Structures are given as structure tokens and as C-alpha cells.
């Protein structure tokens, strides 16, 4: 087996069509995770009885187990649950008709919402309490104050963490190859084993991920500069 | 539905069987973190001391290992390293897979550790080094005796996260055929087809280990940061962490913490 630099480019071109799948996996699970994570974070910050304990248990457990295990549990456990439920209701719907992609997204959302809830929570805790009190004092309701005053500032504070989580989920999406979703990693494996050129194929995949990561970092840096404008001090 | 019918007994049954491979998982984690500390130091130093060319090299190294998924790195090193070494006529075909796995994890951890060291050292006040120089310490002495202990204390939480992340990442080593906990789980599944039960047992195992690790690091952190405890206590009252939604009653009776409570108390004494 000889090193074939030209094949890196060939593999690179072959991997390009798989990028959208990886991005869909990442973006959908991060957005859904952000939504659920915000809910979890609010439950925990407001110390809603019972629910907040459940929420912390959930976050601790998910953060203490590998993403791969979540994926496997959803992939092998959820179809059984779906089938039992739909059978008991007499539906004709069966888990076989659900594409693998959906299971991967659900599993990654479960992972992401735990990590995102911590991101959102630390962001909210970074906002000065007086901001909320000021909003209340001019007659805003708590949801209004949260939406208009607290969340924008919390977003600015948690943007670096958010970027890290997004990159983490992007990298984590490679695990979807274990449940036969053809994203970049799976495509690289296919290209590698059909051409018997493993090193070159994985190198091309690594380059794509590297590029995507650097791109996300650049965009985040730009957004961060923009969003922290209010914080710059001075008079003009 | 794949596999056999759900049977909770398999969870308890498989628990000890997977536990038997725990030592291998922990070995991978331990070796990777140790080697990673070495790599991390080597890579962090050129950037801390701004060594011309090496600085760029370590920057690219860190960017690459933080910018690509660990799974791809595993495959890349497993398939790539032998080929690269072959160019220098070194034959590594008989090296066990475990060596490649540990190397990958330590290179991966090394990138994060170097960033951690950099952040920790930068967080140490510049005056500390100057003070060390002024009492006649050499550069090496100042680093080892003054900066490093403080930097370690600062970066311990990051280090704890890294160790736990590495533990969870070891679950990927099965993809190269290493028989650690996840690999063991997969062989148990091929025997019995009890997917969900096996993975539940696996999840519990990982959770318990990372929980224990977290507790250990928490105790360590408290001990290392003893000298800063007083500062940490102050200034937390005014953050956004309200215990419950502030109600009018709470505000009036002064049960909320911080300045609001003090003001309410004053009002009452006047009345």
C-alpha cells in the first residue's frame, strides 16, 4: 500500500455531497437542544419543585454517559416503545418506516439539550439580578423581562460556550455512522473501503471537519464582536 | 424491533461482565491523560514563551486536534501512522491496536491540555512572576514554583472535565476493535441480542465512574483553592440566581437575599 496524495482530492470531492447530512444532524439537534435546554435551565433556576430535581438528574446522567450510548439506547430502545404504543392504539404505524436519520437526530437532541441547558444556565446566571428587577420596576411581566432584557444579555455571555457546544455536536455527529446514517464519516468509510485507501479518505474527512470547525469559529468571533457592542463602555 | 424481548434481568446479569473490562477503559484514560499532559506541556511552552516557528506549529497542532472529531483521528492514526512510518522504513504492523488508540487519545487530550495550561498560566497575575524574579529566582524556578501551582489550581475544573470527556470518548475505541466496555457490550449483544438491556448497563457503568471522578475532583479543587475561598464567597449574592420568582410579599418581608433584604429590614425598623 502506497501513499497516494492525488486520492485525497478525489476522496474530498466524493465526501462533499455528505456535508449537508452532517450539517442537518448538527443544526437540528443543536436548535432542538437549545429549545429543550432553555426549558430545563429555567426549571432549574426557578427551582420548580419536583421538575427541577428531575431536570438536574437528567442533565447529570446525560453528561455522565457517552453520546454513543445515548445513540444506541435510542436506536435500539425507541423502536420497541413506538411499536408497543402504536400496537396498543391500533395504529398501522410501525417503527420500520422511521428513517435512521430521525433516530440519530432524536438521540443527539437528547444529548444536546443536557449540554445546552448548562450553557443557557451559566449564561442566565451571568446576567446581573438588578436587570430583572429594573425590568419589573418599569412594569414588565417576568416573561417580557426574560425575553427582552435577560435573554439577549445571557446570549452574549454564553456565546463562547454555545460555539464550543456546537462544535462538539458537529464532531459528535460522526457517531451517526454506527446507525447507518451516511454522513461524512460513513461516506469516508465507504470511499476508503471501496478503494482500499483508508488514510487518504480519512484525511479528506478530517480536512472537511477542520474547515467546518474553523468556519464556525470565525463566524462566532464575528457575531461575538457584534453582540457585545452594548458592553463596550464609553460615550459614543 | 431488533433483538430479543426486553428482560430487566439481563441488565443485572451483564453488569459484572462489562465491569470486568473496566480496567482496560481506565488504563486507556489514565495513559492518555498522562501522555497528554506531556504533549500538552510541550505544545503550550512555545506559545507561552512565543518561540518563533514552533509557535505556529503548535498552533496548527492544537487547531487540528480540536477541529476534527476524535473518531476520525482514531481512524486517521490507525491507518495513517503505519503508512507514514513506512516511508521512514519503520515497520509497526505488529504494534497492538491499543498503542494507536492511546496515542490518538493522548494527542487529542494534549491539544486540550495545552490550551488549558495556556489559559491557566495567563490567568496567573503577571506580578507573581515579577516578584519571583525580584527575589532572585531563575525563569525555570519561577515557572515551577510560583506559576505552575497557581495555574494548576485555576485549571483543575477544566482538567476534570477533560478527564471525564476522555472517559466518555474511550467508548469509541471499540470501532478499532479494542475490547473496552463498549466493545465488550457489543460482543455480549452478538451473543444474546439483548440490545437495550446491555446498553442500559453500559450507561449506568459510565455514569457511576464519571460521577465518582467528578466527586474526587471536587474535593481536590476545594483543597487546592483553599487560599481563595474568602474571595469566592463575596459578590455572588447579586447575580441572576434568584431562588424563586420574586413576589411582592417576599420583597416586603425582606426574605430575599442581598441589598433588597437589607433595605426592607431598615424600613421595618423605622415603622
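Backbone N, Cα and C atoms are what each Cβ position is placed from, and that goes for glycine too.
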Exercise. Identify the transmembrane segment range according to TrEMBL, selecting from B:146-167, B:168-189.
Key: B:146-167
Quiz item: Pick from B:60-81, B:236-257: which stretch is listed in TrEMBL under transmembrane segment?
Solution: B:60-81
Self-check item: Region pair the transmembrane segment (B:93-113) / the transmembrane segment (B:22-48), three or more CB pairs under 8 Å
Solution: yes
Quiz item: So, does the transmembrane segment (B:60-81) come close enough to the transmembrane segment (B:146-167) to give 3+ Cβ pairs below 8 Å, pairs being at least 6 apart in sequence?
Solution: no
